[in-house]
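For reference, the structure discussed in these notes is given below.
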């Protein structure tokens with residue numbers, strides 16, 4: 001009685017589509033067969049090379065060799081290309097194996113139906129099954145492929161890099177080979193004095209920055225929102241539009257403009273200070289003042305966002321709470337402390353954490369405003385205002401210290417992921433989403 | 001009497017504070033606009049308002065041989081529009097699927113999307129660069145569009161899903177009973193109801209390519225293919241701020257469309273920001 005299912009499954013395991021053909025699902029069977037044959041052909045040709053490439057990262061750099069009797073420089077193995085190509089092949093293999101498993105399971109199920117005397121789905125029914133019952137999975141295929149190759153593949157690549165010695169000056173393909181070195185990069189980052197000094201210095205500033213930037217913009221936003229929403233203030237809409245301007249200007253523009261405004265020699269800010277008889281300040285050139293400047297400019301950029309958020313929360317606070325407080329004779333400050341502030345904090349707490357995580361990674365602000373400068377002498381390629389991300393950028397694109405940069409990237413990721421996952425898991429939209437309706 | 005007095009003082013103080021804050025908000029914008037009309041090239045000027053107004057810098061933008069403003073504007077517009085459309089569709093597909101359907105691995109997929117969005121992007125740029133190189137797509141606009149659009153679901157899905165969750169599921173069920181297919185439900189119920197969120201999503205996806213100079217600089221190799229942001233970045237870097245007024249004029253033209261869109265759609269922005277994060 002259970003012949004069909006076994007035979008179908010075994011046939012499918014031998015080659016994709018055979019089991020379906022056995023089950024007389026002709027169109028599906030032929031389509032799967034074509035896919036199966038092509039994939040097998042591809043993997044037979046590529047898989048060996050891919051695994052060899054990933055395992056060894058090439059065994060010969062560019063070298064001198066005799067070509068037609070002349071000694072020439074011959075291109076050797078390009079370790080990084082080998083690594084990526086291997087990675088892509090392995091990922092395709094993973095996709096293929098999932099498909100293969102599904103194919104066997106499908107043939108088995110169709111065979112089971114036949115054993116029980118039910119005719120298996122014809123092609124039209126199959127299509128219907130895919131688009132109606134498995135709708136979500138089919139819908140997600142396209143985005144999933146995009147994410148797989150343009151996000152997941154690069155991330156795995158980056159993680160792998162941290163375990164190689166891919167770095168200037170001695171291990172840059174195509175001239176030289178790259179090798180696997182295990183955890184050496186991480187130990188160097190923490191143990192080598194020059195690197196660890198920079199790393200902990202930059203890490204400390206990154207955390208100070210993230211806390212200050214988040215707190216100042218958040219409470220600045222609360223203050224401004226309360227200011228506008230007070231009883232008796234007129235033209236609320238107008239104030240709101242004016243105060244939203246910094247948010248509306250693209251950061252690329254506003255930050256480059258700010259860089260010019262804070263220019264120590266010719267910038268208008270120092271010009272005004274001198275006009276009032278004060279010395280100009282070294283806004284962007286002194287380590288301390290540069291830090292002050294980035295915080296100030298970040299307030300300018302960030303307060304409008306918090307303001308908008310807080311304003312939308314303020315409108316949702318029930319009026320009767322305040323009326324009840326009035327009856328009890330509460331003062332304005334008491335009302336703020338007992339009703340307004342807790343309400344605001346309660347509903348914006350998740351945004352606050354998101355902003356904190358965002359500030360750790362606030363590349364634009366630092367990069368466009370100070371570019372991490374002023375330079376600190378005993379840092380490795382970092383300046384006084386460099387965050388971990390901007391340092392990472394310099395290590396990657398300017399210094400080509402890819403392995404070190406990858407290690408730092410992984411550390412940044414661990415920090416931010418901790419915050420965000422904790423935050424997201426707490427929100428109701430994740431925990432009990434089916435209860436919102 | 002005392003209360004009235006106190007109120008008046010409070011209001012006056014608030015107004016003064018508001019005016020100061022408003023000046024701080026407007027000043028940089030005003031300064032750059034006025035600078036773009038100022039004759040000469042230098043950053044320094046004696047007063048905020050120029051003694052004489054000139055349109056020379058704007059003319060230079062459109063005639064300059066080294067600053068291909070028009071070409072870049074069209075490039076940017078093309079890339080931004082296409083990535084916006086494709087990206088929005090992808091975000092809608094993913095968020096509809098994760099919001100409305102329950103399937104195996106769904107929560108894991110959501111967590112994965114969240115986690116993947118948190119990797120610093122620069123390291124992936126090297127891998128994407130090599131990938132594009134092997135696909136022969138370097139220095140093309142198609143590459144930019146593909147990468148921007150493929151990245152869209154990462155940033156947008158959770159926000160969009162948060163919004164779709166608020167559309168009552170009874171609507172879907174009613175339509176299902178009437179025999180609608182999933183695709184019809186998506187098109188006839190979900191799409192019209194999520195218009196505000198779609199606008200927000202499209203706006204953010206449009207602005208991204210408009211201002212991105214890091215990835216664009218890596219992929220777009222020849223000047224004719226550059227986008228505005230790359231051109232502006234190059235202007236700032238290569239001339240070391242010595243051509244400040246030209247920079248000012250370019251900034252004004254680049255910022256203007258985005259700024260107007262943002263001010264116009266500001267209410268949507270708040271909804272967008274709160275939908276993903278603070279729902280519940």
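Keep in mind that glycine also has a Cβ here, set from the backbone N, Cα and C atoms.
Here the transmembrane segment (A:26-44) has Cβ contacts under 8 Å with residues 15-20, 89, 92-93, 96, 99-100, 103, 123, 126 of the same chain, all six or more residues outside its ends. Here TrEMBL flags A:26-44 (among others) as transmembrane segment.
Residues 16, 35-36, 39, 42-43, 46-47, 49-51, 53-54, 57-58, 148-149, 152-153, 156-157, 160, 164, 166, 173, 178 of the same chain lie 6 or more positions beyond the ends of the transmembrane segment (A:80-102) yet place their CB under 8 Å from a CB of it. The transmembrane segment annotation in TrEMBL covers A:80-102 (among others).
Summarising the annotation, TrEMBL assigns transmembrane segment to A:139-163 (among others).
Away from its own ends, the transmembrane segment (A:202-226) comes close to residues 243, 291, 294-295, 298-299, 301-311, 314, 336, 340-341, 344, 348, 352, 355-356, 359-360, 362, 379, 382, 384-388, 391 of its chain (Cβ-Cβ under 8 Å, at least six residues beyond either end). Residues annotated as transmembrane segment in TrEMBL: A:202-226 (among others).
The domain 'ABC transmembrane type-1' annotation in TrEMBL covers A:203-423.
Summarising the annotation, TrEMBL assigns transmembrane segment to A:238-258 (among others).
Among the features that TrEMBL reports, transmembrane segment is placed at A:288-317 (among others).
The feature transmembrane segment is assigned by TrEMBL to A:338-358 (among others).
Beyond its flanks by at least six residues, the transmembrane segment (A:402-422) meets 158-159, 161-167, 181, 185-186, 188-189, 195, 199, 353-354, 356-357, 360-361, 388-389, 391-392, 395-396 of its own chain at Cβ-Cβ distances under 8 Å. According to TrEMBL, the feature transmembrane segment maps to A:402-422 (among others).
Across the candidate stretches A:139-163, A:288-317, A:338-358, the maximum count of CB pairs under 8 A to the transmembrane segment (A:238-258) is reached by A:288-317. Here the transmembrane segment (A:338-358) has long-range neighbours at 210-211, 214, 217-218, 222, 226, 302, 306, 309-310, 313-314, 316-317, 321-322, 325, 330, 416, 419-420, 422-423, 426-427, meaning same-chain residues at least 6 beyond its ends whose C-beta is under 8 angstroms from one of its own. Long-range contacts of the transmembrane segment (A:288-317) within the same chain, counting only residues at least 6 positions beyond its ends with a Cβ under 8 Å from a Cβ of the stretch, are 205, 209, 212-213, 216-218, 220-222, 224-226, 228-229, 240, 243-247, 251, 254-255, 258, 262, 281-282, 339-340, 343-344, 347-348, 351, 355, 359, 362, 365-366, 369-370, 373-374, 384-385.
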